[in-house]
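*Asks:* I grabbed these lines from TrEMBL:
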- Ser10, Ser16, Leu17, Ser18: FMN binding site (BINDING)
- 3-198: domain 'Flavodoxin-like fold' (DOMAIN)
Amino acid sequence: MSSILLVTASPRGDLSLSSRAARTVADALARRKPGARIVHRDLAAAPLPHIDQDFAVAVKTPAEKLTAAQAKLLAASDAATDELLAADAVVIATGMINFSIASTLKSWFDHVARAHRTFRYTAEGPQGLAGGKKAYVVIASSGTYTDGGPAAAMDHARPYLKSMLGFFGITDIEFVDIEGVGLGFEPDAVIVERALGKVSAVDLATAA
Ligand SMILES: Cc1cc2nc3c(=O)[nH]c(=O)nc-3n(C[C@H](O)[C@H](O)[C@H](O)COP(=O)(O)O)c2cc1C
């Protein structure tokens, strides 16, 4: 069965535009593949903890030598990594928060960046092990960063997301740019609909 991983991360809960738009993209992908299931990793509702000393030790320690705390952290990391590896497509949503991604999403990346699972180092350099799938990345922001204007240099979200996904071997990435929201110049709904209208996976006529 085909699996679509939906990762949402806005700290704004029900108000999140990126989470709602990402759900629309995931639903559209699922409709294309009968029987596909959506696995929702809701980082706002259930954030992964910031990685710490126990985590850093746990990823390099044999299972039988782990403390209970380390085993628990590793199990959470394994579960998130399993979801990413099992997915046929990934839809990631984040708001632009202080010119970068939501901190809960950063924690998710810290948990799924696992040597010998999502990447490995070879004599020729790093090799991604989670490739063969497309990623849709939905980013909502008040500012506009993709028009080549001066704000582009402040965008630490898209370059980071592209680098991390590429590091995992996921190079087929479609960004869904929801820009200029919350400013009152244009209704947010119109901005969201326009952004979704450009997504190859989404048929707005049938979008939820
Ligand atoms: C704490 C906070 C920080 C924000 N920082 C930025 C920012 O640096 N740049 C920007 O363009 N918008 C910023 N915004 C606006 C959000 O990107 C915007 O509200 C967006 O819709 C958030 O995504 P969401 O709707 O999925 O929650 C910020 C919003 C919040 C709440």
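A Cβ is built for glycine as well, from the same backbone N, Cα and C atoms used for every other residue.
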*Asks:* If you count other CB atoms within 10 A of each CB, which of Ser10, Ser16, Ser18 wins among these binding-site residues?
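*Replies:* When each Cβ's neighbours within 10 Å are tallied, Ser18 tops the list.
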*Asks:* Suppose the FMN site is Ser10, Ser16, Leu17, Ser18. Which further residues of the same chain have a Cβ inside 8 angstroms of that site's Cβ centroid?
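*Replies:* Near the FMN site, beyond Ser10, Ser16, Leu17, Ser18, sit Thr8, Arg12, Leu15, Ser19, Arg20, Ala21, Ala22, Ala93, Thr94, Gly95, Val138, Ala140.
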*Asks:* DSSP secondary structure for Ser16 (FMN binding site), reduced to helix/strand/coil, please.
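*Replies:* The residue in question, Ser16 (FMN binding site), is coil (DSSP, three-state).
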*Asks:* Are there any residues at least 6 positions away along the chain from Leu17 (FMN binding site) with a Cβ closer than 8 Å to its Cβ? List them or say none.
*Replies:* Ser10, Gly95, Ala140, Ile178, Val181, Asp188, Val192
